[in-house]
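TrEMBL annotations:
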type	residues	note
TRANSMEM	12-34	transmembrane segment
TRANSMEM	46-68	transmembrane segment
TRANSMEM	80-98	transmembrane segment
TRANSMEM	118-139	transmembrane segment
TRANSMEM	160-181	transmembrane segment
TRANSMEM	187-207	transmembrane segment
TRANSMEM	228-247	transmembrane segment
TRANSMEM	259-280	transmembrane segment
TRANSMEM	301-318	transmembrane segment
TRANSMEM	338-359	transmembrane segment
TRANSMEM	371-391	transmembrane segment
TRANSMEM	397-418	transmembrane segment
Amino acid sequence: MASGTLAFGSTAIPLLYLLVLLSGFAGLGYQIAWTRMLSVSLGHEFTAVLAVVTAFFIGLSLGGLIFNRVLRQTRYPLRWYVALEITIGLWALCLMLLLPHYNPWSAHLIGSEPHPLWHWSVAFGASLLVLLPATLAMGATLPAAHRVSVSLSVVNRGIAGLYAANTGGALFGTLIATYWLLPALGLNHTLLLFASINLAIAALLWLRMPKRQVQPISWPDAATPGRRLLLVLFLTGLLGLGYEILVVRVLAQVLEGTVYSYAAVLAVYLLGTTLGAALYHRYSRRSGDAGERWSATGQRLLVAVSFLCLTGTLLLWATESIYQAVFGQLGPGNLAAMLAELSVATVVFLLPTLAMGGLFSHLAQQATGPYGLGAALGVNTLGAALAPLLFGVILLPLLGALETLVLLAVGYMILPWLLGSDLSYWRYKLPLVVCACALLLIPGPLRFVSAPSGSEMLAYDEGVIAAVAVIEEPDQSRHLKVNNRFTMGGTASRFSDHRQTHLPLLWHGGAARSALYLGLGTGITFQAAQYYPELQATGVELIPEMLTLMPRFGVDVTGPHWRNPPRVIAADARRFVVAEETQYDVIVAEVFHPSRDGAGSLYTVEHFSAIRQRLATDGLFCQWLPLFQLDLDTLRLITRSYLEVFPNAQLHLAHYSLRQPLLCLLGGEGLNAFSDDWLEQRIHDRGLQRQLIANRLNSDFTLFGGYLAGPEALRRFTADVPLNTDDHPRVIFQAPGFVYGDPQSAAQRLLELVQLTAPHRGTLLDNRSNKGDFGRRLQEYWLARDAFLAAGVGVAPSTDIRKILAQTQHKLLDVVRLSSDFLPAYDPLLKMATAVHRVDPQSAHKLLLELEQANPKLPEARRLRRRLFGGDP
């Protein structure tokens, strides 16, 4: 009889470990998917992100605590384990139907301009409420599995093994969900798979596990620890997740900030925890750890965690070099980037988390006897739930990353006292105190802000969402950097930035009374709205620190030069559009970096649909796209999704820069056919006219000259391309390939785009204007523009004007011959003639003669020739 029991157990135990692993796999996958789904309505503000994470951990904590007594007293733990897995799976299926309706309700409840406390409260309450059935069950699955293992005659030392299996499953869930399932299946189909796993776990438990009764567990002969043990579990949960939050925040300045960056960091964190628990499981089966020995082991583990956290902090200074070395050695590509980011995360996370995994296993093992594993997990997770608030919101902005990390390590040093440490253990801690003090004495904070030689960092703000810096170049120009990875424009791009306001407002007719800007950055684009006398402008920016830095770029949103004081709001653009009730004549979506995690949700069909609801009857929506930061495949995805909501869409160029080409998707009910007297009939304000002259937008040719494609051409360009939706956010997973890879130059991508769209470009003029002289000349203008762009591709930079002239003269003259109205080719030739006259007058004279012949309608070449050479030789 006994041998038969052991034989059955020998097959049941590995199966139990496998099912616990699968449960962890699905659990982490749920967290990733649900967090992404809820952020659509709750926002990406740190208050919302904090609320969702806290709600998830609070739910897990409550699950462990609430079910702890029941699971300790039940004689049928298998039934409870089966019920918990079924609950998780069924509620996951319910959320697939519930969240699409729940999200808009919660966004409207928050409002467009909520107080931070109200925002956090609603986001926390909404997340906790909608996730609670699943998170309660998740928090109790490991305690239930442990009770099942007891029924199989496994001693309590199996806690560490079960914990390792569950955390290992979460590790696989992180990698497989992020790198494969979500990109391939989308959110709902991935959730359907996870729910199927939970239901399959329940079925296998019921069909394959022996249904044995079990007595309430008791701890053998060890001295029962006091409640200090639960306090230590709480504090280690707080400090452990605090270390992750702080290091992730620092690494945001080193890694690329894509959806895969955080996955790499989280995977290493879970790997270390898994290995630590597994090693402890093996150690605890071979050695006793009762009484004083248990306390001594716990103290050593706490000291080890403290030391390794200090070591990880010190190694943070080397992470940028490590990342560049690995990435440089392997070359560009997704695999190289993944290995480089994993390498960086391994250096700072693996050893500290390995010790943390062993430490939790050790503490939980001792707490299970008197209190239950549910209580141990519950208080530990409760501490983790408070870590984002304490470390991310309070200590990080107050002290800085380095000081907070050292304080965290000191916290681990103090904890042995709660386990009964005597004075002898100070011989271990004294070196740690010295190390902590030495770290604080290192000059300079944990900042990674790359800047060219001779530049100066004028301002740096380590905010709760991102670290932002203002860099001044030797030529006195300034630009804004976010997390050292994303350059958000600056004073050198003022011409381009102002055009990003003027173009959509002029296409609307210059009479818009309200405009909404989604994303402000430096504020220079928004600044140009002040020149429209009747316009009431509203600007929304996710990162609050950017609003305080706008004066560094000459942007003052409170000055008297605004005829209508603007409304500036720190908020998530996606959430604001859903919650706002005002309608706008023009909505301008600024340049969003598509590869940045979260930015892809600003290019979905659902977001474009919400924007359409915010447009007035004759409104226009302009979505600016940085072609220098995305490939054509990603552009197709975004354009296809835009067309789904705005079928009359047009594509325009902001300017003719080949280094940083900027595109505009334009759509809305206000997009009517244009006429040949568009500006003359509509723009009468003298101040605005002067600004348009300065931005070279003082003619209908320059206003419409950037037109690339109409609806027909765009439909052909995006044929057979899938949509980017909230359920299947393809941009989020596809765009990182651009920053990880070695793409062709922006100029080459622009030229390819022009070639693909030109045959079916169509017109944007009404019938009268299109058939008249202006229509013919505008077609010539577009031909000249296309040729001008092609002429600039492949030109080698040089300080020798003669070499530049040799490469470009004939190409630009050909462009001038195509259109007498296209000045971007004519004007550079005038400047080159003036410059080359100093070193080669004969070549200058020949160039000016050819320029006169190429465009005899314009007098500038003739005037310059007469001025340089006197008369008419």
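Cβ from N, Cα, C; glycine included.
TrEMBL entries are annotated by machine, without manual review.
As a quick check, the transmembrane segment (228-247) and the transmembrane segment (301-318) clear the bar of 3 or more Cβ pairs under 8 A, pairs 6 or more apart, so the two touch. Beyond its flanks by at least six residues, the transmembrane segment (301-318) meets 236, 243, 247, 250-251, 347-349, 351-352, 354-356, 358-359, 362, 402, 405-406, 408-410, 412-413, 415-416, 419, 425, 428-429, 432, 435-436, 439, 446 of its own chain at Cβ-Cβ distances under 8 Å.
Between the transmembrane segment (259-280) and the transmembrane segment (160-181), the number of CB pairs under 8 angstroms, six or more residues apart, is three or more, so the stretches are in contact. Ranking 12-34, 46-68, 80-98, 160-181, 371-391 by CB pairs under 8 A with the transmembrane segment (338-359) puts 160-181 at the top.
Using the rule of three or more Cβ pairs under 8 Å, pairs at least 6 apart in sequence, the transmembrane segment (160-181) is in contact with the transmembrane segment (12-34). If one looks beyond the transmembrane segment (46-68) by at least 6 residues along the same chain, the residues whose Cβ comes under 8 Å of a Cβ in the stretch are 31, 34-35, 38-39, 80, 84, 116, 119-121, 123-125, 127-128, 131-132, 134-140, 142-144, 371-379, 381-382, 384-386, 388-389, 392-393, 464-465, 572, 575.
Long-range neighbours of the transmembrane segment (80-98) within the same chain, counting only residues 6 or more positions beyond its ends whose Cβ lies under 8 Å from a Cβ of the stretch, are 23, 26-27, 30, 34, 37, 67, 70-71, 74, 130-131, 133-134, 136-138, 140-141, 144-145, 147-148, 188, 191-192, 194-199, 201-202, 205-206.
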